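Data first, discussion second: the structure below is written as structure tokens.
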């Protein structure tokens, strides 16, 4: 079974040429983790150590490589580092950074190419006139490959140039698109700004409506909250009353228990008195028993002393009996006395036995007295314990009674305070409810007013919209009238130029008639002196209206009305102003008065434009009549 490698070599040939580079293809399996210090070595077959490599290259991995994935890679062994042609077999070995062998390739050799392998046969058609004659060319493969490589490089350069041109076109297209996008963004922003303004207005109206709705909802919520609070207060009041009733029942139960405990305490006191009397009796009896015990102990001591004396006397008698036994043989004559003494001894022994029995009885009495004393001491201790427990229970009962009475007093005080606070809270709630009812009424009135104002605002908004529509329509009409006036002004200007040319021709004709001009020359200085002497009249004539001047850059109505006015007689001072040839000869150089008249005429022109449709109609009606009258009057009027 073949060993499974963590790296697999692919497309390994059996023979390579040392004059060209060698490509080593391999696959990194998921079991192997690639590191930057992994390398691939070219080893001779039969190698024993990783240091016996002929040459090596660092193993590479693509930038998108991730651990735990399978990836195909390729490295190049340059021709300068490859071994020469020989029969020695080589193999690729993949070594990781730790020096472990990850894979070995199949064996291959390096051999020089044969001469026939370097030649390539090409078939070319003949360029002559004879058809069917072909040429066979035999060239080296390296030359063929070199020519193909040059063609490929040339194609690559052309493709790169085309790519650069395409990139430039793309950049220009991007710039144009960016400019178009900027213009569109500008228009879009303007439209969005307008839309935002309209949305802002709509939002403001909606916010107003929402505020009104919120206020109304707050008022309704406040009313509901007040009703809920009122219900909660009523429920709390009922709960407090129920609690007060329960506390009263608890107080009754506690008072009854206190009375029962007082009776139990009286009973305990009586029992304590009885136990104290019994204790006194027991103490007296104990004292008597102690006295009796002391007496019996004294008797016992005396009896023991007697017993010791009797024992000593008995010992003496025994010794004497022994002496008598020793001397019984010699003292036979004293036998009777000995028998008497023996009888006396027997009596003494009987007395001793009786004393011993009395001693045993006294000891038994002492034991019984001791047991009784122990029982009495135990009874006394139990009585003391019971008395102590009774005292503790009495103290606890007194404390509980005091606590119950204190709790009863506190409960009554709290109940009174809670009752007062509840009454005060009820009164405050009543006042609050009244205030809130008043506030609700006021807010309802305010809400009605707000609704009325909102309806008025909606109506005013509709009116404003209608006014805006009317203003836009009137603005369109005024624009049209302005265009008509401009066309009419151009026509009047053209007509005035024609009149000026005619007046110049007429003035030349009149100046040629010297005979008729002598009288007019004599009268003209007088008239000019009269103008100098009376400038107010001249100013009045100029300020009387826009009909008595020849300014061409003024209101069109003044130019139209100028020829329509009949020329006054030469005796009037206004004739001097009208018949002056200076404005006609130099119409583009008006005096200060003409400037003032032109400014006034411009103001009147603005007033005429703001006048609307009526002024335009009047101007349109006056134009044909003025033209006809002007032509007739110019034909009849003199030059001066």
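Note that Cβ sites are derived from N, Cα and C of the backbone, with glycine treated the same way.
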From 262-288, 289-315, 316-342, which range did Swiss-Prot mark with region 'Disordered'? 262-288
Over the coiled coil (424-510), work out the mean pLDDT and round it to an integer. 85
How about long-range neighbours of the compositional bias 'Basic and acidic residues' (278-288): same chain, 6 or more residues beyond its ends, C-beta under 8 Å? 373, 376, 379-380, 383
Residues in the region 'Disordered' (262-288) grouped by DSSP into helix, strand and remaining coil: 27 helix, 0 strand, 0 coil
